[in-house]
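S.K.: Just dropping this structure here.
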Ligand code: ACO
């Protein structure tokens, strides 16, 4: 028994912030941001919540798969920016989709969150207990940014991506590989809010925000993603040339190019959305996947390598026969 992706969907909030818009907020330039990161613009929420973005992406994935919410028996949302401390965003999505009774929970592995969630759903389906899963990566990371810190606020954006994963006798997800090392917890983090006031209020007051030692994260990301490419191919007895598409986490074009070089994949076979979306954390991989499926680049039967790296540190990959 395999699990197979039968539908994809994504959603971006309406408000767009270009690098030029950021020039008015912090001491930066369009040229610096584009040259160092590859980012031109990003979408940011005004007052939409993570669950609202997630639901829109989910509806499109369900439609492509030809399924209704009633068919779902598992809902997993990867997010670091849940609407509430609890209930989980997955339960809020479930309520809005009008599904009653599916298992629903969140997974938190920051930018690797979607790969963690996909691996979890794959194992549920392969074990035979579940048949139709909705797996979402959704974030409103803009809520966690210090808009006075030019080193971080230019890097991120908001959005959501979703897939429907169904039990199948044909190969779909071939393998998943998950890792973490909490030793690096301080290089990229958001301190916990004081529970005596609402998280939202404290974020608004600028008391809780994302901090990152960018250079060190960059070095670790490049080395680690190179290693996980080898691990994934070895586990499947495959060559680099067997991979049709690399669908990487979209943090920085220089990290993406370094991984593509390691894989010896030409950039024509790498899905790149970082210029349009920025780093949308757990949403970035399913967003990129959906863009390339809907514009016809990724076709049925092709082999995809998804890989991500994020706070924790966490990192992971999934090899997929689409
Ligand atoms: N505009 C202009 N100058 C800037 C900006 C900006 N937006 N940001 C930083 N600078 C300045 C710095 O102050 C520094 O100036 P100085 O030399 O006078 O001190 C100079 O630019 C160089 O700064 P660096 O931090 O060394 O720049 P670098 O080339 O490393 O790029 C970046 C920074 C883009 C953050 C890069 O390190 C990076 O992409 N890191 C990895 C991020 C990542 O992959 N995250 C993944 C996980 S994200 C997650 O899990 C949520």
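Here, residue 1 is simply the first one shown, and the rest follow in order.
Every residue, even glycine, has its Cβ placed from backbone N, Cα and C.
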S.K.: Have a look at 245-249, 250-254, 255-259 and point to the one annotated region 'ACP-binding' in TrEMBL.
M.R.: 250-254
S.K.: If I take the alpha carbons of residue 279 (active site) and residue 249 (active site), what is the distance between them in whole Å?
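M.R.: Roughly 8 Å, rounded to the nearest whole number.
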S.K.: Cα distance, residue 111 (active site) to residue 249 (active site), nearest Å?
M.R.: 7
S.K.: Go through the chain and flag residues at least 6 beyond the ends of the region 'ACP-binding' (250-254) whose CB is under 8 A from any CB in it; none is fine as an answer.
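M.R.: The answer is 36-39, 111, 155, 218, 221, 272-275, 277-280, 284-285, 287-288, 309.
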S.K.: Can you name the residues of this chain that are 6 or more positions from residue 111 (active site) yet have a C-beta less than 8 Å from its C-beta?
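M.R.: Set apart from residue 111 (active site) by at least 6 residues yet with Cβ under 8 Å, we have 249, 251, 279, 281, 282, 284, 308, 309, 310, 311, 314.
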S.K.: Across the domain 'Beta-ketoacyl-[acyl-carrier-protein] synthase III N-terminal' (105-182), what does the mean pLDDT come to, as a whole number?
M.R.: 97
